[in-house]
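Down below is the structure, laid out as structure tokens.
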Protein chains: 2
Amino acid sequence: MDKTKVGIIGLGTVGSGVARLLLDFGDRTGRHAGRTLWLEKAVVRDLAKARDCDLPASVLTDDIEEVLNHPEIEVVAQLIGGLEPARTIMLKLLESGKDVVTANKALLAQHGPELFDRARELGRSIAFEASVAGGIPIIANIGQCLSANQIESLFGILNGTSNFILSKMHEDGAAYADVLAEAQRLGYAEADPTMDVDGADAAQKLAILAHLAFGARVDWQDIPRTGIDKLDVADVRYAQEMGYKIKLLAVAQLVGDGLELHVSPTLVKAGTPLAEVGGPFNAIRVVGDAVGPLLFYGAGAGQMPTASAVVADLIDTAVGRTKITFKTLELWSNRQARVTANDYAQAKGRFYLRANVVDHPGVLAQIATALGRQQVSIASVLQHEAEEGSQVLPLVIMTHETTEGAAAKACEEIAAFKSVQGDLVRMWVRG
Amino acid sequence: MDKTKVGIIGLGTVGSGVARLLLDFGDRTGRHAGRTLWLEKAVVRDLAKARDCDLPASVLTDDIEEVLNHPEIEVVAQLIGGLEPARTIMLKLLESGKDVVTANKALLAQHGPELFDRARELGRSIAFEASVAGGIPIIANIGQCLSANQIESLFGILNGTSNFILSKMHEDGAAYADVLAEAQRLGYAEADPTMDVDGADAAQKLAILAHLAFGARVDWQDIPRTGIDKLDVADVRYAQEMGYKIKLLAVAQLVGDGLELHVSPTLVKAGTPLAEVGGPFNAIRVVGDAVGPLLFYGAGAGQMPTASAVVADLIDTAVGRTKITFKTLELWSNRQARVTANDYAQAKGRFYLRANVVDHPGVLAQIATALGRQQVSIASVLQHEAEEGSQVLPLVIMTHETTEGAAAKACEEIAAFKSVQGDLVRMWVRG
Ligand SMILES: NC(=O)c1ccc[n+]([C@@H]2O[C@H](COP(=O)([O-])OP(=O)(O)OC[C@H]3O[C@@H](n4cnc5c(N)ncnc54)[C@H](OP(=O)(O)O)[C@@H]3O)[C@@H](O)[C@H]2O)c1
Ligand SMILES: NC(=O)c1ccc[n+]([C@@H]2O[C@H](COP(=O)([O-])OP(=O)(O)OC[C@H]3O[C@@H](n4cnc5c(N)ncnc54)[C@H](OP(=O)(O)O)[C@@H]3O)[C@@H](O)[C@H]2O)c1
């Protein structure tokens, strides 16, 4: 059987999973690729560190030149996180004639245009299935399988850590900080979970999907985002009472000629498929104009699910499919900048608002008047009991359809009222 | 932009959808293929018949030779149903040097080995995304995206007509015959729905998936199957009371060295993703050893969802990806016959049994004894009220894990009791 020699840079969680699939299941990759994917070199920083895979001694090295200068290594899985040295290494790999596979969403969301342009100039390819939604093959599905469609919308649960925390808050009624601590104990959250819980990780993935599905070229940092790190468990309870679950949704949908694009905690109707995605799982609902709604569900992270996506890319690259796809899709090329993001303030939807009010006559009328001034009309009001020992009453308002901007402005105005304590909570409502 | 000239054979529901996508959205296919897919000829039987698409006059023909002998037509979508003349036309297309795309599951399930061998001999390819689960790209996902995995199990809702009927029986509590009539009125069921409701259509699709995912070469007619055509709405009600929904599940899962393979009405725990697939939708739950559980959900039939899959295949074929995949997968070649089906009687699981009993003392003990003789142990018993005007009482038994064979034998024995009327109802229970 023919061989394709493969290199791996970085033997952390994902890298060692990839090594295991290549080393332990060569027959399997052989069957699907019609050739052997031969792990020739794996580059690490620290040779002495214990690895989560058994490597032949000749494979491990701390010298990246052994990959760059290896004439027979054709494909390299670049599995280092962060921007540098990942970016420099990626460019060097391309310049040494290697096709690259990566799981690094931060790198692509930040430096996609540069990296893809360079790969094109050099006649090389970059595959990145693992960079979004881990084991769910969403890149191949949007980039290839749905080619006959204009994608109309894409709603994703793209961060497993946040989804695990939200699911637990719903199940146990526990506070955010307690659930986060538990998630860290169980390995579902990093020691520093900032990027996961503040929406940054989801925004990076959304930037990649929005480019692939709509041709939008956005800086992920320009995507309006709200995380779950300030979520009060009281709102989880109120949402539940009204038949909703709170999910961190990444949204990209065509509205007019532009794209509604944001990452937001959202009340999703209980019983709908996205609302029922529990634990650390991810899911993406895609609507295409020909195919209608599709849902993809699976593990969005984890060693072997992510390695599954990386190895699929290695196979695609080894057999030549990636080369074709890379060429036809022209990702991050100027030809592909087809759509831009709409002004977020114009985005339309229904909202959940909560104000903590001091109980005195006239406060509801005052709030309703402020909403009316911004043309925000009220669908329902729920006055909750004060928490024990507190004088303030949580007032929950569901609006009819309005714009993000109007809701935000009304909230700002209301927060300034003497009878209202602190900022208002504001979340999207879907379904 | 380069052109790939395309032919279509059959302009029915699917064919005219494909023609519309090619003719009305050429820019879109151009963008994804990097070339124009040019509809050169469309072959029908009756030139005078009204078509669901606007074709330039030069495109329509009733002479298939105009495709076979056209030197520039490279790819042909073969969208005629049934076995003949579909099979002969398929062979002729391959022999004239055309790559073929098809939605015809009956043809592949029956003549897959012959057609794929012939295509290989001739250096041609066959793509068949639309043949299973319509718009859901399950063929590409299993055949390519999950290549790093050993698939462990595959549970599918593969027939939209059955699922529509079952969902309606659950929602409205209406009898099978009434719901079928409604489904026919709404266009969700054909005038002759036999293949849909007796499990044959699902078995054909399962045969294709089992081959793709496990390398099993089974004749679809050898797959044990039970349809929904004899389902009593009373069982729907009892299932619901116990927290289950009845779904027609196509099952392929590795057990030991062999494959558990059947199509069966199954009680699926309410609230799990498969149980909540409503209306005419399809879904497939796939478990891979690396990726874990994945769920794919979408429209399993219909003009544009199916056309979406056909056009994705046309693009894949035009750009050269299909050629590679077809070669590496070696479908239906002898090399791929890796797994055979286990004896169905040995398949393990829990069962729902219902007997109609004449109410007299000792009948439950008699039934329990018969079950015990086959080592079938009882998890719970529900004695329901007699239907109005009837003397017989429905007795519902949920078993612990046992084998299909033991459950079947016990049911046979029990049906012979004087106090039991008619056959026993027997369904699988999952989740
Ligand atoms: N973990 C997941 O579930 C997951 C899911 C999807 C995507 N991803 C992405 O996959 C990438 C890798 O993630 P991970 O979880 O595997 O990270 P990780 O466990 O931290 O592993 C990173 C690896 O990179 C190596 N490395 C760092 N700098 C290096 C250098 N200059 N030269 C050689 N090796 C270097 C480290 O070497 P040492 O071990 O010697 O320190 C380590 O083995 C990230 O971009 C991440 O966002 C991860
Ligand atoms: N409909 C769906 O949602 C769906 C979904 C998945 C897969 N499929 C599969 O797709 C295939 C087509 O389905 P369909 O629903 O489009 O069927 P359909 O509406 O009955 O169309 C079949 C077409 O084939 C043409 N035809 C039959 N024999 C022919 C011959 N000898 N020469 C030329 N044309 C011939 C018919 O021509 P006339 O119009 O002139 O009679 C008709 O246009 C079937 O294999 C089906 O199983 C369908």
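From the backbone N, Cα and C atoms, a Cβ is placed for every residue, glycine too.
Given the structure is predicted, the values throughout are model-derived calculations rather than measurements.
Under DSSP, B:Ile9 (NADP(+) binding site) is assigned to a strand (E or B) in the three-state scheme. The NADP(+) binding site annotation in TrEMBL covers B:Ile9, B:Gly10, B:Leu11, B:Gly12, B:Thr13, B:Val14, B:Gly15, B:Ser16.
When other Cβ atoms within 10 Å of the Cβ of B:Lys105 (NADPH binding site) are tallied across all protein chains shown, the result is 25. According to TrEMBL, the NADPH binding site annotation covers B:Lys105.
B:Glu190 (L-homoserine binding site) falls within neither a helix nor a strand when secondary structure is assigned with DSSP, and so counts as coil. The L-homoserine binding site annotation in TrEMBL covers B:Glu190.
Here TrEMBL flags B:Lys205 as active site, proton donor. Taking Cβ-Cβ distances under 8 Å and a sequence separation of 6 or more, the neighbours of B:Lys205 (active site, proton donor) in its chain are B:Lys105, B:Ala109, B:Ser131, B:Val132, B:Ala133, B:Gly156, B:Leu158, B:Asn159, B:Ala250. B:Lys205 (active site, proton donor) falls within a helix when secondary structure is assigned with DSSP.
The annotation domain 'ACT' is assigned in TrEMBL to B:352-428.
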Worksheet, complete the sentence: Whole-number mean pLDDT, the domain 'ACT' (B:352-428), equals 92
Worksheet entry | Cβ under 6 Å from ligand 1: qualifying binding-site residues of B:Ile9, B:Gly10, B:Leu11, B:Val14, B:Gly15, B:Lys105 | none
Worksheet item: What are the DSSP helix/strand/coil residue counts across the domain 'ACT' (B:352-428)?
Response: 23 helix, 32 strand, 22 coil
Discussion item. Please report the distance from the Cα of B:Gly12 (NADP(+) binding site) to the Cα of B:Glu190 (L-homoserine binding site), rounded to the nearest angstrom.
Written reply: 14
Item to complete: For ligand 2, pick out the recorded positions B:Gly12, B:Ser16, B:Glu190, B:Lys205 that have a CB under 6 angstroms away from one of its atoms.
Response: B:Gly12
Worksheet item: Which residues does B:Gly15 (NADP(+) binding site) neighbour through Cβ under 8 Å, counting only same-chain ones at least six apart?
Response: B:Ile8, B:Ile9, B:Ala42, B:Ala77, B:Leu79
Worksheet item: Within 8 Å of the Cβ centre of B:Ile9, B:Gly10, B:Leu11, B:Gly12, B:Thr13, B:Val14, B:Gly15, B:Ser16, which other residues of the chain have their Cβ, at the recorded NADP(+) site?
Response: B:Ile8, B:Gly17, B:Val18, B:Ala19, B:Val44, B:Leu79, B:Ile80
Discussion item. If you count other CB atoms within 10 A of each CB, which of B:Gly10, B:Gly12 wins among these binding-site residues?
Written reply: B:Gly10
